[in-house]
Amino acid sequence: MAQPLTIEDLRILAKRRVPRMFYDYADSGAWTEGTYRANETDFQAIKLRQRVAVDMTNRTLASTMVGQPVAMPVALAPTGLTGMQHADGEIHAARAADKAGVPFTLSTMSICSLEDIANHVGKPFWFQLYVMKDRDFIARLIERAKKAGVTALVLTLDLQILGQRHKDIRNGLSAPPKPTLANLINLATKPRWCLGMLDTPRRSFGNIVGHAKGVGDLSSLSSWTAEQFDPALSWDDVKWIKDLWGGKLIIKGILDPEDAEKAAQSGADALIVSNHGGRQLDGALSSIAALPAIVDQVGGRIEVLFDGGIRSGQDVIKALALGAHGTFIGRAFLYGLGAMGEKGVTACLDIIRKELDITMALCGLRDVRDVDGRILVDGNRQRRA
Ligand SMILES: Cc1cc2nc3c(=O)[nH]c(=O)nc-3n(C[C@H](O)[C@H](O)[C@H](O)COP(=O)(O)O)c2cc1C
């Protein structure tokens with residue numbers, strides 16, 4: 001493929017290069033995938049106001065997220081098994097994010113560990129926490145995050161139990177893939193991926209294996225995960241984690257104004273309006289449809305961040321116009337990673353930056369921090385106007 005110009009170009013390349021079970025793991029949602037699709041398509045109904053003959057020189061995309069400077073208000077979302085899209089995937093993505101001046105968020109369910117990122121990237125990053133029943137393990141994980149130089153903790157609340165994703169079940173998703181005939185045939189068509197994997201020791205869940213009790217090998221890991229995610233998680237646990245962590249706290253997975261209110265009252269620094277990329281409750285609102293009511297409820301009292309369905313810089317600016325202070329991208333960067341490793345994540349961030357910058361200019365603005373409901377045509381303009 002010639003130079004990728006869109007996130008869709010990166011997706012097509014990733015589909016060619018990444019083994020099917022891991023490509024499908026990224027490009028899928030729960031049950032009918034209705035919410036997954038709506039996350040993307042609902043952006044299309046939002047229309048921008050074109051402005052002319054206004055000064056478009058000296059533009060800036062620089063902003064902040066939880067008080068930390070960012071080159072543009074776009075962070076890499078936490079995604080599990082990122083090191084299966086490409087060998088050492090989390091290290092590559094963290095390096096690309098660092099070079100682009102945007103935050104990288106490591107998932108609890110990553111392949112590379114907290115220590116791997118600290119040792120191989122050496123720059124501050126964010127860490128996403130899933131709450132497991134084994135609270136000793138959680139306390140130790142938080143300590144490890146502090147030692148690794150993590151500057152914000154992203155606490156995910158929307159995965160107390162796992163939404164059903166048909167493709168993962170049909171593909172028999174595991175890390176690394178089991179040597180079944182179907183997998184071996186598929187892997188034979190992905191030589192680049194296989195060579196990368198042969199060259200790295202990181203092929204399992206780096207934050208967990210060897211750290212959590214009773215998890216020494218992969219076969220016990222899947223059952224451990226199913227057993228360990230805590231279905232009894234409550235706002236009291238959020239308080240416990242907030243106190244234990246003591247730093248910047250971001251609550252992820254808020255889709256309802258009542259929950260947003262609780263997040264604001266919890267004293268967290270930010271919340272992320274998110275439906276986990278349509279991977280949990282199918283039939284829920286798209287993230288962009290849920291955003292305005294949450295901004296109305298808590299905007300001004302807690303920083304409102306956003307993720308879900310962002311495939312362009314235009315989607316970023318629409319989320320900002322509807323009241324988000326910053327955004328996260330999941331699949332967009334995973335497609336870049338699967339397509340071309342670190343270079344692909346850089347390409348993804350370049351594409352989004354350019355689209356964001358040109359769109360902002362054509363809407364008549366020069367500073368991303370000035371984006372608000374005025375850039376949307378009537379009907380969408382009520383927010384932050
Ligand atoms: C492959 C994949 C794995 C994910 N793993 C996690 C995870 O480990 N922790 C988490 O909080 N969110 C996880 N998410 C959700 C993302 O953080 C984010 O909410 C979502 O990807 C945003 O939607 P987008 O992919 O359309 O940008 C995952 C998403 C994907 C696509």
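Numbering starts at 1 and runs along the chain as it is shown here.
For all residues, glycine too, the Cβ spot is worked out from N, Cα and C.
Noted in TrEMBL for the protein shown:
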type	residues	note
DOMAIN	1-381	domain 'FMN hydroxy acid dehydrogenase'
BINDING	Y25, R165, H276, R279	glyoxylate binding site
BINDING	78-80, S107, Q128, Y130, T156, K252, S274, 307-311, 330-331	FMN binding site
ACT_SITE	H276	active site, proton acceptor
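Within the group of binding-site residues (Q128, T156, S274), the Cβ with the highest number of other Cβ atoms inside 10 Å belongs to S274.
Cβ atoms within 8 Å of the centroid of the Cβ atoms of Y25, R165, H276, R279 (the glyoxylate site) belong to the same-chain residues S28, G29, A30, G163, D168, G277, G278, Q280, site residues excluded. Predicted-model confidence for the domain 'FMN hydroxy acid dehydrogenase' (1-381) is 95, expressed as mean pLDDT. On the backbone, the CA of Q128 (FMN binding site) and the CA of Y25 (glyoxylate binding site) stand 19 Å apart. Among the binding-site residues listed (P78, G80, G308, I310, G330), G308 has its Cα nearest to the Cα of H276 (glyoxylate binding site). Considering only the binding-site residues G80, G308, the Cβ with the fewest other Cβ atoms within 10 Å is that of G80. Neighbours of Y25 (glyoxylate binding site), defined as other CB atoms within 10 A of its CB across all chains, total 23.
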